[in-house]
Structure formats: structure tokens, C-alpha cells
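All remarks here apply to the structure that follows.
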Amino acid sequence: SDPVCPPKCRCESNVVDCSNLRINKIPEHIPASTTELRLNNNEITTLEATGVFKALSQLNNINLSNNKITEIEDGAFEGAGSVNELHLTANQLDSVRSGMFKGLEGLRMLMLRNNKISCIHNNSFTGLHNVRLLSLYDNQLTTITPGAFDTLQTLSTLNLLANSFNCDCRLAWLGDWLRSRKIVTGNPRCQRPSFLKEIPLQDVALPDFRCEEGVEEMSCVPRPQCPSECTCLETVVRCSNKHLRALPKGIPRNVTELYFCVHLPLCLSSLRSLHGNEISELPDGIFSDVASLSHLAIGANPLYCDCRLLWLSDWVKTGYKEPGIARCAGPTGMEGKLLLTTPAKKFECHGEVDSGVLAKCNPCLSSPCVNQGICHSDLAEIYRCSCPPEFKGRNCETSLNACVSSPCVNGGTCQLDEEEEAAYSCACPLGFDGPTCLTNIDDCEDNDCGNGAACIDGVNHYTCLCPLYYTGEVCEEMEDVCAPGLSPCQHQSTCLITSTGPQCVCSPGYVGDDCSVDYDDCEENHCQNRAQCVDQLNGYSCSCPDGYSGQLCEVPPSPRSLCDLADCQNGALCVERAGRALCQCLPGFGGPRCEKLVSVNFVDRDSYLLLSDLKNWPQANITLQVSTAEENGILLYNGDNDHIAVEMYQGHVKVSYDPGSQPGHAIYSTETINDGQFHTVELVTFDQMVNLSIDGGLPTTMDSLRGVRTLNGEAPLYVGGMPVDVHSAAFQLWQIQNGSSFHGCIQNLYINNELQDFTKTQMKPGVVPGCEPCRKIYCLHGICQPDGAQGPVCHCQPGWSGPHCDQPAANPCQGSKCVHGKCIPLDLQSYRCECVEGYRGALCNQDGELFNPCRSHNCKHGRCQMSDTGDAYCHCEAGYTGELCDAKSECRGEPVRDFYQVQRGYTICQTTRMVSWVECSGTCDSGACCASQRMKHRKYTFECSDGRSFSEEVEKTIKCGCVGCM
């Protein structure tokens, strides 16, 4: 079995996730079944050739993105032939060579985005025959060697964007190559020279790919160079013993070691610099032929100052040669000492010399000869190898038997070429091709997979990956998707085989692709009479309420009597009369089902009703019926500072309102209504008018210069009385005149033609339903209580007694209402309340002393009013001004723009559009009056509150002045 997951990694479904662990190498013990290996976001710098991938034959995807990789050793991916994708994005690779990717024969995607690659040469991708996508996005490429992509035989996508291409003669091949191939590239663009900047490579004409004079037409890879007089091995150039008279031409730029041992050229001048090389030893007598040499710059070299370099110390001292700042680097004890000043006795030989020092002038020490070749020192060739019979080459590296290295892969047989030395050919097994049998022949090029199946290439065969519902070697057969165990259809539904797969024909009552959903038949039910629907298979049933029957509960219960169906409310009794049920209402209730409380009896002195759900109406029509024997009592009150109050005063009905002045305006009915009979009181307000009518008689009208307020929806409407605090405030502001609560009956209260239900009001104790009982008893100084033990009785006011409250009481304080005070009798019938400290009012039921700023404000020609901030000010009469309205104002016209109104009987009519005029105000001298000086007549259209309309000429003032008084 596979080993456990590598430490700290996460393994699931053949995916090994070792990302974000800050590891610096590929972990060990990766399961052999791994198909995807995630190593991204770590700190790996070098991929070593450890053979870790040889045991991962199932691996398809390797992610090494976002590491710090600078080097990939040759063979690091050996054994990863099954890998399709390799991600190396966001690393620090600066070059690419073929050995890096050895072992990735099956690779199809290679991501090298965001690295530091500056050069691609023509063997960088050797062996990657199956790569289809190659991304070199965002690197440092300026040029690419011709033929760099020729080994990528199946390439279809090549991303070269975000590189700084120099479109000179070295890139001319790439533009032509891109035009001739059907490859997705994203149109890489030139960045240099300036006249081609941002031009796509494939759009640049061939003559525009040109190099400046003196620039070699070569690729980005330095061509191998070596002076003809010298021998070169990688970066080491040896020119010793060549009797050169000058430095040779063509020394490689990347040289790291340069040897001119024995016989420096005679043509050297007196000043020669060997500064800053890796010189450790110089043979004795090397400068003997350079007689004129006076300065030898040999500083910054790792000189090995043992006994073999003593000659150089003596030579520079005896001949007065200037060696520069030449210091010793070894052996131990000589580090940092100057060649010129160190005593000769310090140059000693002890033990073995470091092999790295000796190898610089004795190349055989590094054993360059391989395959058991023997190394010989050679003055002309530096060293020479004697090779065994079956090998040849400078280092005996070339086998005369080409098959010794087993070049044929994938089971291919190596066969020597008898005619040509070191030549061979491979006999490939079935399924492979190529010079070394490396290429797996794509058997999918001619496949028989049918019905949209995907072809998977194998070795000398292919496999068809069938789509859903198909089977067979080439997916030629459709599965019996409706067979038992395979059919998706549920609940005994019918399964049909179609070209797109199984199709379910659902049984009744089920829906869905697989008939798994029980359809809710109650969504479209027809149950009646509030019956509850119960969903069933392919139908529903109705659960009927008590008494109902039928499939849809449509059959009502059979009534035992007509009253079984009656809905009499509020304790009403149902009786059958003339074949129908009638509700006999209790006193005070009305309506077909006795559903509303329409009449109430105010039996206590301080009782009232409160209606809070009002609306702000531009017109208010209030009608109520009143029965009382009292002279005084509050009927209706709405508002606070601005109010409307309807009360009985000395038997008459009084209506007052206060738009902010003290006292307010008031009108009185001509009739008295305190005769114990019911009277209809009708109050109509519209804009600037108030109409009061009793029992349908002629109305009493009040017309104001200011707009009459209507019912205020923010303030409650009190009926029959009001709370003590509201009563006290209204009484002090002259909003009510007597202030007594109503005693009697009120019924059929209509507000804007809507009958009010007193059950929906806040009702204080002392208000009882109905008016009939107290109609039979008269209380002179008291109120009637209809539910006494012996019937209705009188509850007398303090100081009165008797069945009808018509006899003086011996003690007027009996039953007094002083709340926070002491009752003081005044006579046999009256008393007063003496309040304790902190309280005030007639009944000592109000806190503290109210301050009235208007008491100290004497308005000469006007009325004192309170501002919103509580300050007193004078509202002046026409013609006066000043803080106390004591100064006459000049005659002037105040502009007005408003709707013009007229009254037609009880109906108010106004213009359909706004009218402009001036109103004259102010005073004149010599007895003249401020009035109109100039008038204008215009015809306007009026609309009335009852729906009528008409046109009429209006006379309006356009200029004011002092004229004779009329």
C-alpha cells in the first residue's frame, strides 16, 4: 500500500497538496497513486535530480509556481513521462536548456510565465515533442535563436507577450515563422528599435528587421570561440608554450581561466597587467626572456606563497620590479602578506599542496580522461588521453560502439551501422517511432470512436472514452438506460430511451425530470367556506369546518332555526319575525347585527370619550344628537393652543375656535336644547367659514379673516368632557366658557358622514351604553345613574341631596373633590378648595403656578399672543404697528396671491387658479381712510364643494391709498 501523506501536506483523492509550507525541497514519501502534486508558494531554489518522480507513474500535473527556483538539474524530472502539465510560473529561472526537462516526454503544457529568461536557443526544448501550450509571458526575452521551436512538433499555443523584443536582423526569422504557422500567439510586439515600438512581429516587413553596422548577426547564445593558437575547455583557455608574441584574438567573453605559462611574448611592453585573475602559481623563469619588464601588475590574484613561489619574491626584489599590491592567499599563515615585503624565509613548503592549486598548471590532476583513459601532460595540448580500443575522443568520451549507451528507448533494439563508424539505428516496437523510438505514435489520428466519444491515445492502441449512456469498444452501443437499477424514473413512471438519454413520463400526481416531486394539488384548490385543503396523490380533499359537507365543503349546515345563521353581537338577542331573524340590541347599540355602540349616557360629572384615530380634513361635517336637561356641558373639544370647542352654555350651543388669539371667536345657536329631548347639532367647517345648525334650521355662520382650522389628526377629539389637565389649560386660555362636563345622552355621532362606533373609543368610567333609563328621571343638581338597584337614580353634586338633587345638603364639603387641598364651606351649597403648597387650580389638582407672559404685555391696538418659544408678542390691528401696537402704520397695499372664494348658501366655491390682488392696511391723516384707489375686473371660473362650477367677474384691488371714508 501507499505510504502515508508527507508531513504537513494534505492528501485527498490522489491529490497531494504541499503548497504554502515554506519548504525548500520536494518532500519524500509521496504516494505512488498521486495524480496531481501541488508544490506552489514555497521556497524551493533548486530542483535536484533525486529520482523522486520515478515512483510516480500516475502523476499528471506538477505545480511549482511561486517558488524561488533558479536552477533545475539535468534529469530532475527523470521518470515523469506521464506528466501532462508543468507549472513553473513566478520563479527566477534565467535560462532554459534541454537537460532540464529530460524525462517529460508526455508533457503537453509548460508554463514558464514571470521568470527572468533572457534567451531561448534551438535546443532549449529538445525532446518535448508533445507540448501543445508553451507560455513565456513576462520574461526578459529580447531575441530568440532561429529554430528554437522546431522541436515542438505539436505546438498550438505560444505566449510571448510582455517581453522586450529587439526587432533587429536576429529576429527576422520569427516574424516569418509566426506568419507561416497556425499558432495562437496573442501577437507579440516589438519594443525596439523605436520606429517599430508596439508593432506586432508578424506585421513587420522583412527589410525592417535590420542590424546596425558593427552588430554581429548572431543569436543570443555566444558562439563557441577559441583562439586558433590556444585550446579551450568550457571557460578555461590555455595558451602556454605557444611562443606567442601578442595576445591572441577571439578570446571568449566568458573565460574564467587564462594561461600563458612559459615564455611570455617578447613584444610585451614594459608595463603588463595580469591583475584580477585566478593566478596561484607562476613557473620559475617565466619572465627571463622579458629583459625590459619593469612593472608587473599581478595584484588581486590568489597567489600560493610556498617555497615554489620564492623565486618570484626574489625576482621582484633583486630587479626592482614593481609588482603592485600582490598578496598571498595561502598556504596557512601566509594569508594577506605582501609579495614584495615578506621575508624569503617565510616561503616554505609543508605537507601536500591543495589539488585546486596544482590543477591550474597540471591538468591531469583533475582526471579529465574517462572510460579508463590515461592522462599525459603535453606542452602543446596541455594534456592528452590514451584511450582504450573501444573509445576515442579528447577525453575518451566517444564510444566506438554506438549501442553501448543504449540510445534506443521504449524497448527499441539498437543496431550498429557497419558502413559508418559510430552510427546506429533503432528498431522500434509497435506504437513507437523516431530515431530513438521516443515518439509514441498518435493512434487517435485515425480512430473509430463514435457518438462524440473522446479518444485516449495508448501504445499501439487507443481507448474510447464514452459519453453518458453509451458503451462498447468504440462507444457504438447505447446502454439500456431504462433497465431495472439504471432507470432514473421514480414512482412507477414510464422510462423512454431517446438519443439524448432517458426521458420519464410521470405517473399522475408526480412532476420533475425524474418524477420525484409530488405535485401540490392544493395550489389550485376549490375548497369553499374556509375549508382546509389536504394534498393527496394526483388530487386533494377538503377538510370541512363543523356543519359543512360536500366534496368542496359547499353544502352549508342545515339550520335548526333562522337564528342559527344570525351573527348578533354585543349581547343582542335574536328573534324570528316574519320568516327572518332579527337582532334585538341592548341599550345603546345599533346596526343590523348590533355591531356598533351608537348612544351613550354620561352619568358621572367628569366622564368623557376620547377618539384618537382622526384625519386631517380640509372640510369637516360633524353631526350628533344630544339629550340633556343641563344648561352647561362640553359636547366636543379638539386641539390645544389652536382649538375647536362645542359646548352648551345657558342652554344654547356655543362653537368657538382660536387661531392663536385670546379670547377666540365664537358663535351661538339661537335655539336652546336643554329640554330633555333629542336635538340634532350639525357643525360644518370649510376654509374660512363655520356653520352651526340645530335640528336642520337656518345656520349661524362665522367668517374669519384667517383660515379656520379643521380637525387636527394629531390631537384627540374629546366627547362629553375632557381630562382635568386638558380642562384646566383650556379654561385658562378662554377656550371653553363654563367647563362643566356633559350630563345626558349623546347618540349617532357622524364625522364626515361616517357613523362613529363608541366601542372603538377610550371610555372613562361613568359613561354607560344607551339613553333610555335616564330619560324617565330628572336630576336638578346631579347626574342620573341608570343601573341603580331600584332602577335609575340621581347622584347629587356636593351640597345637594334628595331623589332629584333639589334639596340643599347640611354639609357642602360632603363628597368634595379637592384633590390636594382642604375643603372650606362657603355657604350651605358651595365650597372652595384651599390647596397645599405646590398645587393650584379650583380642585387643587394642577402642579405649581403657570406663568403667563401676556399679563405684563399691554398691547394698545392688538392682542397678545405666545410664540413657539414661549415669548409674548403683540398681534396688531390693521393700521397699527410697533412692539405694543401703539404706532400708526402708513397706508400701503400688501400683495396677496391665493384662491379667491365666495359662498353660495352652505356651499363654498373657489377659483380654479390662483388670483393676485392687494389688501389695504395702514392709517391716513385728516380723517381719510386707507382703501382701494384703483380696481380691476377679471372673469374667473369657480368650482364648488358640491360639484357645481360657474364663471363670474371678480373686482380686485390693484392699488391702495388714502381716500375719503365711505
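The count begins at 1 with the first shown residue.
Cβ atoms here come from the backbone N, Cα and C positions, even for glycine.
Just so you know, TrEMBL annotations never went through curation; they're auto-generated.
Recorded disulfide link (TrEMBL): C387 to C396, out of the candidates C375, C396.
Taking CA atoms as the reference points, C835 (disulfide bond) and C823 (disulfide bond) are 9 Å apart.
Note: C515 (disulfide bond) has non-local neighbours C489, Q490, H491, S493, C504, C506, S507, i.e. same-chain residues 6+ apart with C-beta under 8 A of its own C-beta.
The Cβ of C466 (disulfide bond) lies under 8 Å from the Cβ of N451, A453, G472, C475, each of these being in the same chain and 6 or more residues away along the sequence. Sequence-distant contacts of the domain 'EGF-like' (559-595) (same chain, at least 6 residues past either end, Cβ-Cβ under 8 Å): 601, 757-759, 768-773.
DSSP gives C864 (disulfide bond) a strand state. The local packing around C544 (disulfide bond), expressed as other Cβ atoms within 10 Å of its Cβ over all shown chains, amounts to 21. Here the Cβ of C805 (disulfide bond) has 20 other Cβ atoms within 10 Å, regardless of which shown protein chain they belong to. The two recorded residues, C553 (disulfide bond) and C813 (disulfide bond), have Cα atoms 69 Å apart.
In this chain, the domain 'EGF-like' (440-476) does not touch the domain 'Laminin G' (598-771); fewer than three CB pairs sit within less than 8 A of each other, excluding pairs fewer than 6 residues apart.
In sequence order, C408, V409, N410, G411, G412, C426, C428, P429 are the residues of the chain that are 6 or more apart from C437 (disulfide bond) and have a CB within less than 8 Å of its CB. Nearest by CA distance to C544 (disulfide bond), out of the disulfide-bonded residues C396, C585, C594, C805, C844, is C594.
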